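J.: Encoded as structure tokens, here's the structure I'll be asking about.
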2 protein chains.
Amino acid sequence: MEQNMMLELKSILQAQNQGNLNELIGDLQPFDIAAMVSEVDTEEQLTFFFLVPTSLGAEILEYLEPELQYKILLRMKEQYKSDLLNEMSSDTIVNLLLSVHPNQAKKLMDYLPDDYRLKINTLMNYEPNTAGRLATIDYVGARIHWTVEHTLAHIRKVGHEAEIVSYIYVVDKNGELVGVVSLKDIILAKEGTVLEDIIQGEPISVSVYVHQQEAAAVLSKYDLVAIPVVTHNQRMIGILTVDDLIDVIHEEATEDFQKLGGSQPLTDPYFKNSIWSIYRKRIGWLLILFVAEAYTGTVLRHYEDTLSEQIALAFFVPLLIGTGGNTGSQTVTTLVRAMAVGEVEFKDIFKVFRKEVSTGFFLGLTMGTVALIRAFFLGVDFNVGAVVAISALFIVIWASMVAAVLPMILNKLKVDPAIVSGPFITTLVDGTGLILYFTVAKILLHL
Amino acid sequence: MEQNMMLELKSILQAQNQGNLNELIGDLQPFDIAAMVSEVDTEEQLTFFFLVPTSLGAEILEYLEPELQYKILLRMKEQYKSDLLNEMSSDTIVNLLLSVHPNQAKKLMDYLPDDYRLKINTLMNYEPNTAGRLATIDYVGARIHWTVEHTLAHIRKVGHEAEIVSYIYVVDKNGELVGVVSLKDIILAKEGTVLEDIIQGEPISVSVYVHQQEAAAVLSKYDLVAIPVVTHNQRMIGILTVDDLIDVIHEEATEDFQKLGGSQPLTDPYFKNSIWSIYRKRIGWLLILFVAEAYTGTVLRHYEDTLSEQIALAFFVPLLIGTGGNTGSQTVTTLVRAMAVGEVEFKDIFKVFRKEVSTGFFLGLTMGTVALIRAFFLGVDFNVGAVVAISALFIVIWASMVAAVLPMILNKLKVDPAIVSGPFITTLVDGTGLILYFTVAKILLHL
């Protein structure tokens, strides 16, 4: 089916048949059309954008990768290039301009009207991953003394260029944001109502400098579809729309996953990364963890005599430190995520500590018991079994404590708590767990 | 500041002063008002809902927990109770009714009009976490032959009860969804335009039975603000709104985090879980992993003679299996997340395998080299150092292979790949890594 549609699209484009093209894509969504267009040859792509109306073309172009956007725009006829660029949303243009070489970006910007180019330039100068960089300037503004009829007429005039019109942003003569009105409220308001009377409360906004993740949190807290972005003196520079912020939520969660797995996050989707780039993201932490883990060798050599006398102690080394690592990993992933979504904060540290240590105590009792059973079945000395069981209890409690406290303290120190990954906590518990184990052994076995 | 506002709110409510209340909350957003209301006593809460307009009251009530919603509604005067319930959005009502005892739910439902009660009942019967259960019926429908003026008049009549009016859903006389029109398109359309002419393509919709996560993926793919939910014969039963689906995205990511950390996901926010409930979510996997890890004891006992002869081999056990576990954990978290967001599918298994094994090879070479250096500094025999280095290479490649293939196969078998947690892969690599280590040792050291 899909294969057939692709073949049909290609033959229509080769024949440059506009009627058939409209019929083929008439029932499809821009996203799906974009997926098909990205699969045909460059020549066919140019024909495609030549045949479709500019507004649909711009919408489809927005779903393509910046590299492809540039390749297509570059080869397009001059007039059409400028039309398409002007129909694209400003955040897509910013992303495109930042993805190509500065010289190429400069040439593209010549196709934009002066005031628009100025605004785009401002957005491009904000730091990556901030609200300012992600904002789009394609919103509808209004004045506080306008009536709903006047506002509707204004929306009819400028609305087709706006990314969303669900909210109208009310600014004063200095461009300061003074309120937000939903299109719903405008439609439902009685004739002659002035915007001032239907603005609800202080407008929710974010500063251009806040991190995109924080902006997403504000949007989701207040159940908004877009959020205005303002400078330090409340001047409105644009809006963040929910579709972009959903992408942010996905990206940030993906980054946290990779960090918790013990590697630096990949900046691109998985398959876009070369072996070398994946290697670089992983080797750093592997080496750091190796150095930390190397300490276990020192601990074991220190207890070489104890080990030689009671070689059975060695059998339980992976089991005990593994169990400690598992407990720590459970705690740390739960807490790092709870902090990321704002369920847990630093002020809760004692509450968290009590909860985790209590849970760890009961988990430790259980694991100690099964460790005793395991020792019995492995046929080692009862005393060694007792050492293993008691060590299991201590190691599980210890792992819970470390995994509860460490990410919270790092968060307080403004270090991303997600660096306390599963591997990190596992490594930390390995060396310290061994010391616990051999200390218990020396005391109980009088070695 | 906030403390002051709380005290002021309490004193206003005790004095039942409507004017002062309006002044205090006039500039606040419903979410923030709800946060304050949830902090005062029940008597004060009742006064609050008595003093504010029904529509604002319903909006604030929606942000409260179902238990609190019920407590407040229960004690409210009869007439006001029914007004408030009818203003609440249907998905909130469904959630409330499912959170209380069936008898209590039945009593509450008596306050709803007959046809509304019927619809609510239908939604309640869908499985948890499906699109049907999460849907709200408070949307605006229209007919395909309506003009934009007629549609606007209809929106003005029914829009105040709708959760969103950004999209109007066009249905035929059987209630089948035939198209979607955005309010923007209606506003921008020329006078007299019929809806049929501004419907864009086939409407995107999801079935009542799809999992909420899938619905969220569709919404985010097409950059929508709401998505219609239909039965198997395309009858529209409601919509899913972006704010609810953002909550779904957060919840599902949180669940995956906890699974990857090696525990069953907590169903409630962290602090709402008792020690006992956290214990139960964690102990299952800890025990399973313990049993799997216990195998390392068998392996080590099997090589007891080798170990006794060359006790230095024991020094590197935690280091080698730790490094294997870390590598596996890096790979598995990256892949499980890439599968969750749809970047990687089962058909990519060979591509993933090649990529991970190649990366693993280079990571292994690096780790083997540093292992050799570590062995040198620990002052062990050069031959033992060589064994450690070669084992490190093999173990890292092996861990990459297992971590690449296992989650993909599980996904194919319809098992959630997130159960291949960091601890799971670590445990699996521990036992098998030891066998690799001692096999290399026996061959190279002729033990």
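Including glycine, each Cβ sits where the backbone N, Cα and C put it.
Checked TrEMBL, it gives:
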DOMAIN    A:198-255  domain 'CBS'
TRANSMEM  A:283-300  transmembrane segment
TRANSMEM  A:312-336  transmembrane segment
TRANSMEM  A:357-378  transmembrane segment
TRANSMEM  A:384-406  transmembrane segment
TRANSMEM  A:418-440  transmembrane segment
J.: Of the stretches A:312-336, A:357-378, A:384-406, A:418-440, which racks up the most C-beta pairs under 8 Å with the transmembrane segment (A:283-300)?
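T.: The stretch I would name here is A:418-440.
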J.: What residues in the same chain, six or more past the boundaries of the transmembrane segment (A:418-440), come closer than 8 Å to it by Cβ-Cβ distance?
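T.: That would be 255-256, 259-262, 285, 289, 292-293, 295-296, 299-300, 303, 306, 313, 316-317, 320-321, 324-326, 328-329, 331-333, 336, 340, 387, 390-391, 394-395, 398-399, 402-403, 406-407, 410.
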J.: Please average pLDDT over the domain 'CBS' (A:198-255) for the predicted structure.
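T.: The answer is 92, the mean pLDDT of the model over that range.
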J.: Taking residues 6+ outside the transmembrane segment (A:357-378), which of them lie with a CB under 8 Å of any CB in it?
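T.: Distal contacts: 312, 315-316, 319-320, 323, 327, 331, 384-386, 388-397, 399-401, 404.
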J.: Would you list the DSSP helix, strand and coil counts for the residues of the domain 'CBS' (A:198-255)?
T.: 24 helix, 15 strand, 19 coil
